[in-house]
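*Asks:* Just lifted these from TrEMBL, have a look:
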type	residues	note
COMPBIAS	9-23	compositional bias 'Polar residues'
DOMAIN	40-448	domain 'Major facilitator superfamily (MFS) profile'
REGION	1-32	region 'Disordered'
TRANSMEM	78-99	transmembrane segment
TRANSMEM	111-131	transmembrane segment
TRANSMEM	137-156	transmembrane segment
TRANSMEM	177-199	transmembrane segment
TRANSMEM	205-224	transmembrane segment
TRANSMEM	257-275	transmembrane segment
TRANSMEM	295-318	transmembrane segment
TRANSMEM	330-347	transmembrane segment
TRANSMEM	353-380	transmembrane segment
TRANSMEM	392-414	transmembrane segment
TRANSMEM	420-443	transmembrane segment
């Protein structure tokens, strides 16, 4: 990659020769609307927010239902199955979704993906209504469909940002985009606990609300202005379900990019381990026997999202027109320290921090996570040449979901070790910290301008 900003896919009247607004900056796309006045950006942000909310309400509810805390059943933690089911569609469809986001307008892919979300949420309402007959099987089928919808939505939603925004706004836009995404995660995860606690056998009514939210999200996707297809003549072949040859060549020849992709994979593996570990910490250690254990456990999980939102906003502000990898390094070490703090043993079966201290520590962990995520996301978006952004993002998404599938299997092994050696659930955070520690020590990239 050169120091020049990557070419953007869209061409508007102001980009054409003879218009001085874009020429003054020397960068394509500089004539586009200011970020805060760009209705297309806000429409995309709202669309992503509503979709992330629905995903996390449904997934967190299923993860809580997957933990049995006793009674007439043995204690068991099957959250790894939930993770595996949700991640599988990303392995199957991510690369193909990347091709679709190149040969068709990314806006078209986004709108159709949101329509598919409406269908998935309708099926979710049916699965909850028939829970006594179908059990978790029906819900897992719906979760798989939701994962498939998200797999097709992902490359287009991130790949469209460089096509509709000024290059100088990418850092702040990603900060705002990720912040609102994690706000949706906060609200979704936080809402799931009370829903499971208090609605009980009437969860289909909550799913009905999710259907309405999916409809609103489809409407907000229509606010995104049309963009042309980046590579309409791109040929679909067997590589559409693997990693395209030109993407492999790009990664092989671009060491900073492949290292960033690897860092992203490690990050998402850790993320895939942290969420079920927090749920287990709440339901199986800090809140055993509490009548509102699901609600307070969801608040623990949501506190991570609160911190991530704040960290993303701060990272976006400090990044501006550059990829600030100093924030990545600070974020990595902060995450490692917080994970080790959560695993420290305490009295009476609790961890040292207790519920309140764990809540604060998870909040801080989220801040460091946001600091790590934004610069890495900006780099992966801006680094590829034009015409390859969607496929590169899809490939990175595929690798991330391979890491999350691996996290599901690692979590299964961790829970078996904890059960065998009678270790407290908080011990899992020590394992996670050790997984992240090599990345914190050895990943030291240099800052770059976008």
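The backbone N, Cα and C atoms fix where each Cβ goes, glycine too.
Note: TrEMBL annotation is automatic and uncurated.
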*Asks:* At a Cβ cut-off of 8 Å, and with pairs 6 or more apart in sequence only, do we get at least 3 pairs between the transmembrane segment (330-347) and the transmembrane segment (205-224), yes or no?
*Replies:* no
*Asks:* Is the transmembrane segment (420-443) in contact with the transmembrane segment (353-380), using at least 3 Cβ pairs under 8 Å (sequence separation of 6 or more) as the test?
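*Replies:* These two stretches do not touch.
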*Asks:* Averaged across the domain 'Major facilitator superfamily (MFS) profile' (40-448), what pLDDT does the model get? Just tell me the whole number, please.
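*Replies:* Taking every residue of the domain 'Major facilitator superfamily (MFS) profile' (40-448) together, the mean pLDDT is 89.
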